[in-house]
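Everything below concerns the one structure shown next.
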Amino acid sequence: MKLKQRVVLLAILLVIFIFTKVFLIDNLDTSAANREDQRAFHRMMASLRVELDPRLDHTLQSPWEIAAQWVVPREVYPEETPELGAVMHAMATKKIMKADVGYKGTQLKALLILEGGQKVVFKPKRYARDYIVEGEPYAGYDRHNAEVAAFHLDRILGFRRAPLVVGRFVNLRMEIKPVATEQLLSTFLTLGNSTCFYGKCYYCRETEPACADGDTMEGSVTLWLPDAWPLQKHRHPWGRTYREGKLARWEYDESYCDAVKKTSPYDSGPRLLDIIDTAIFDYLIGNADRHHYESFQDDEGASMLILLDNAKSIRVSTWNRLNYLKNGVLKSALKTAMSHDPISPVLSDPHLDAMDQRLLSILATVKQCTDQFGPDIVLVEDRMTLSHL
């Protein structure tokens, strides 16, 4: 064989070797990542059931101190939380020291200070468990039980971006009114034998109060994030206009997504993928009203999108987790996760069945995208080595 032919042959073999090696490494990396996703899923399933137990035998810290230490830029609570039951028990039982109107917003809520100085947000029950709100997805009042379910869905999806939520029964006459501010107290009234209040908010009306069963009101309490982690609000790039007959740009402009991807903070870092995770989360819980979102301040797009008041490519880890939850696993996991909540059963079977159906719609939509554009375009490998975790 001539020297020139030998050189050409060696060059071809070298190219084949390099491509084979790269292909094998990529496959090994992908397989390792998928195995880790599967292990994380099994760990989550094994720790789903949370028993509300006040004991904290291994530490002298208060439950509030423990929960505050959990918060880091990319998660509100860690994957392994043996103290979660104790923190949620404290949220559901600690004495209410002060009650005030809720922070500004559109829906009725109250701000409570629990023993030990911890702030929580109380949302009252408005609907029976099996009630289905008709009309637009954003119609009706906030559902307190949806807040509880959304927190556990956040755990199941492995996002860990939603503040802790637990159900609680409060006696309005004995626990709230004696410690209420004048501003909150002025919104109390009695209808029949029931104590009611309507609070202060954009849509709060004296004619539409939330009423207890006698004096006892069911609701949800959401743990206030530590003051050391102040929030900043952002306009959601795929939000509605809230003007009748006026479309948002994303509803008519095919180039809008490309424009968003060139705009900070979506042009780098995890924020755009967080938006997509949130879209999936919102679709599963039926939330069509996330017009804004929050992140930690001064994060330059690096911190997570925080799932308060519970939406291109998709994370591989999210895609894997969604596939693990099909065939009724999501419904079963939610039932297990919420079984020890004080207001259990949190969701009715029709609501759980609807979430299973929505999951199938998500999987079908992503599958359609991968078939059209290929998995390498649609599915983004997202594992990041974060020094702060």
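Note that Cβ sites are derived from N, Cα and C of the backbone, with glycine treated the same way.
TrEMBL annotations: computationally assigned, not manually curated.
Owing to the predicted nature of the structure, the values given are computational and were not obtained by experimental measurement.
TrEMBL has this to say about the protein:
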BINDING   Gln107, Lys123, Thr222, Leu223, Trp224, Leu225, Glu294, Asp309  ATP binding site
BINDING   Asp142, Asp309  Mn(2+) binding site
DOMAIN    192-313  domain 'FAM20 C-terminal'
ACT_SITE  Asp289  active site
DOMAIN    314-375  domain 'FAM20 C-terminal'
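Annotated features, which come from TrEMBL, shown on the structure.
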residue: Lys123; record: ATP binding site; Cβ contacts under 8 Å, 6 or more apart: Gln107, Leu108, Lys109, Asp142, His144, Glu147, Gly219, Ser220, Thr222
residue: Leu223; record: ATP binding site; Cβ contacts under 8 Å, 6 or more apart: Ala67, Val87, Met91, Gln118, Val120, Pro163, Leu164, Val165
residue: Trp224; record: ATP binding site; Cβ contacts under 8 Å, 6 or more apart: Gln118, Lys119, Val120, Val121, Pro163
residue: Leu225; record: ATP binding site; Cβ contacts under 8 Å, 6 or more apart: Val71, Val76, Pro163, Leu231, Ile306
Starting from each candidate's C-beta and looking 10 angstroms out, tell me which of the binding-site residues Gln107, Thr222 has the most other C-beta atoms. Thr222
Let's see if you can do this one: DSSP helix, strand and coil counts over the domain 'FAM20 C-terminal' (314-375), in that order. 45 helix, 2 strand, 15 coil
Over the domain 'FAM20 C-terminal' (192-313), work out the mean pLDDT and round it to an integer. 86
Based on DSSP, tally up the residues of the domain 'FAM20 C-terminal' (192-313) by helix, strand and coil. 24 helix, 26 strand, 72 coil
The number of other Cβ atoms within 10 Å of the Cβ of Asp142 (Mn(2+) binding site), counted over all protein chains shown, is 20
Around the residue listed as 'active site', how many other CB atoms lie within 10 A of its CB? 18
